[in-house]
Structure formats: structure tokens, C-alpha cells
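Lifted from TrEMBL, the feature list:
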type	residues	note
ACT_SITE	85	active site
ACT_SITE	150	active site, proton acceptor
BINDING	83, 116, 178	Zn(2+) 1 binding site
BINDING	116, 151, 376	Zn(2+) 2 binding site
DOMAIN	191-302	domain 'Peptidase M20 dimerisation'
Ligand SMILES: [Zn+2]
């Protein structure tokens, strides 16, 4: 590791060391053993002299809560959430081993989880360390939650945790969770998410020898439906292309992700199953969308039916206006530091939706700028200098809370 090119003061070097140590824990799907993460976080909490506990909604899936108690614990608290799990890797596609956390000459730290989202978890801890160093006492309690299973939809983690008394007792007024890196100098702040519906459409029809022209076959229905879905897809694609104010989160995405059926090369298949992944924009009326899909299926012909894999409810976006003191505090930090941010709808799903669904205002924010978006990609990295800037920025939104 060519650390020699970079000189950091003690507290920054400690932050980097903590980051590298956390990255080297292979908390990678599937069948994750979280013991090393829990041990790591316990050590962190002890060194910072913070309250620490582990909660289980499901066996082997710990939820670690680290708390910095405010001077007025009766006030609503702030939740800083991050997930401990990371997605699998194709190791042969990586420049360095993805759980070695190697830093190159430019200071790029390569590891799975650098962007999504161990950097954010470490940043929360390092922000607390700086508050303590500067003897800043906050009025509100800050809870840092480290959750499992986000990359599998949070079914063993946040989705269940928000239903517990343990969660309610945290008395949360505002939450931060993950966002996305930004390729330029403007931070991205996510105030809502699209709704994921993923479904299989079974198309059943006539069968027979493939040399014949049999009527009303499964592929007729697939063709009809694909036209409907892809015409709509093109409308959304053009809408996105023609309006530079829109981002992918503002439109509905449609993709055929699987097409199954047939078992013999010269037999017309009795059934074809098409799988559609749709991410529905928050401005879409879900009932109307469902009615449309149902109508298309009916028009496609009899024996066409839908089996849902995922059919999430629509979660209202977090209202970001000056009536929210938390949002005002957050926003003012950017003004003070003369940094720009852009408010967007998150294109995919995160644990943030479960927090938002309980009525708690929540934003997705990974303070990473000037960095290619490499989450879930090969060679995911974060530059060590960007990491340092993150600490500087992250200290303030929380510290600001103390002045109100
Ligand atoms: Zn993530």
C-alpha cells in the first residue's frame, strides 16, 4: 500500500484506518456472518464511550444501535442509518482483491462497500468523534443504526425493525440513509424513491408442431404485451431525454428482465412467462397503473395472468420545505460551506422507504462528490481525499442541531 504519498493528521488517519478495517470484513451476500461487523462496531462504540446495543428481528441478522445521548433526551432524536451488508463480487474483474481495501497511487481505495455504503457508516462514527474532540454537546440524541440485509430488500432488517417497540422508543424526528455518489461537484440529496413492482405475466395458448400456423398462441400474447409495455417505456424514455430537469427517478422504468418457456425446438410452447421489472415514479397513481396493466393483459387474450414477485405500496416522499427545522438545518450547512446540492428521487429502493413509511421524514445522502457511481459495479472505489472532505462536511449537519 503506497500510503506514503498522503499525510493526514491523527484523527483523519484514524478515520482511514477504521474505514479500511470495516471494508476488510467480508459482509457479502449470501449467508452473511455479521459477527465481525458487530465486534468492530462494539469496539468503535467503546472507544467513543457511546451506548451500544444489538437487536435481533430475525436470527443471525443483528441490528446495531449506537447512541450519543443529547443534553435534552426528551426531544425527538436523529437516526443515522447505514447497512452492513454488501453485494457479491466477480473477483476476476477487479484490479485488487475486493476485500483487501488496497489504496493505489492516486489514493483510490478499492473495495466492495466503499460507496455502498460502509463509507457512510464510518462517516457517522467519525462525525461523532469530531463532535467529542470539539466538546460539542448536542441537544438531541443521535442514534447510529447499522442494519443487515438491505441488499436483499431489508426483509431480515429494517423492514421488520420499524415495526418494533425498540424502534418506536428511539423517538426519531428525522433520519439520514444512503444516497448515491455524484460525478461532479454537486451533492445529491434524495427525498423519495420510486416504487418497485416486479411481476411475471403468464401467457398460455395453443400448442402444436412448429411447422404449423396455430392460432392464439402464447407468443401472440407476449408480442401484444411487449408492444404495450415498450411503447410506454419509449414514452418515458423520451420524456427523460427531452427534459433536462428530469432524472431517472422522475420517470417510470420498464424492463423485460426474463423470458421463460418452451422445452423443444420444434414445438410451439403452451406457455411463455415474461418478467417485467418496473420502477414507478412517485407522481404516478398506482391504482391507475395497475388498472392499465390488467387491461393490457385482458386485451392480450384469455389465459393471461399476473403473478407478483414484488408489489410495494407507494411511500409518500419527504416534504422538504422550510416548515421542517431539520431540513432547514441540513440545507443551511450547504449554504455555509458554499456547496451545491440537487434534490432527486432515488431510482431504486433502499431501507429509507421503510423509515419514510412510518411517517418519519428521511433523506438519502451519501456525501460523495467527483466520483464515478460504482455501487454494485466492479472496482468500486472511493478516493481517500474525498473521504476526508466527507468528514469535514458531515460534522456540521449534526452539530448544527445543537444550536436550535
Ligand atoms: Zn446500499
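Counting begins at 1 with the first residue displayed.
Any Cβ shown, glycine's included, is placed from N, Cα and C.
Automated prediction, rather than curation, is the source of TrEMBL annotations.
Owing to the predicted nature of the structure, the values given are computational and were not obtained by experimental measurement.
Shown here: features listed in TrEMBL, placed on the structure.
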residue: 83; record: Zn(2+) 1 binding site; DSSP class: strand
residue: 116; record: Zn(2+) 1 binding site; DSSP class: coil
residue: 150; record: active site, proton acceptor; DSSP class: helix
residue: 178; record: Zn(2+) 1 binding site; DSSP class: coil
residue: 376; record: Zn(2+) 2 binding site; DSSP class: coil
List of residues, in chain order, with Cβ under 8 A from that of residue 85 (active site) and at least 6 apart:
27, 28, 29, 32, 148, 149, 150, 151, 152
Cα-Cα, whole number of Å: residue 116 (Zn(2+) 1 binding site) versus residue 376 (Zn(2+) 2 binding site)?
8
Rank the binding-site residues 83, 376 by the number of other Cβ atoms within 10 Å of each Cβ, and give the residue at the low end.
376
Under 6 Å from ligand 1 by Cβ, which recorded positions from 85, 116, 178, 376?
116, 178
List the other residues in this chain whose Cβ sits within 8 Å of the Cβ centroid of the Zn(2+) 2 site residues 116, 151, 376, in sequence order.
86, 87, 117, 375
Cβ-Cβ distance under 8 Å to residue 178 (Zn(2+) 1 binding site), same chain, at least six residues away:
81, 82, 83, 116, 117, 120, 350, 351, 352, 364, 365, 366
Determine the most Cβ-crowded residue among the binding-site residues 116, 151, using a 10 Å radius around each Cβ and all protein chains in the structure.
116
Whole-number mean of pLDDT values that fall within the domain 'Peptidase M20 dimerisation' (191-302):
97
Additional residues surrounding Zn(2+) 1, by Cβ distance to the 83, 116, 178 centre under 8 Å:
82, 117, 120, 150, 151, 177, 350, 351, 366, 375
So if I draw a 10 Å sphere around the Cβ of the residue listed as 'active site, proton acceptor', how many other Cβ atoms end up inside it?
28
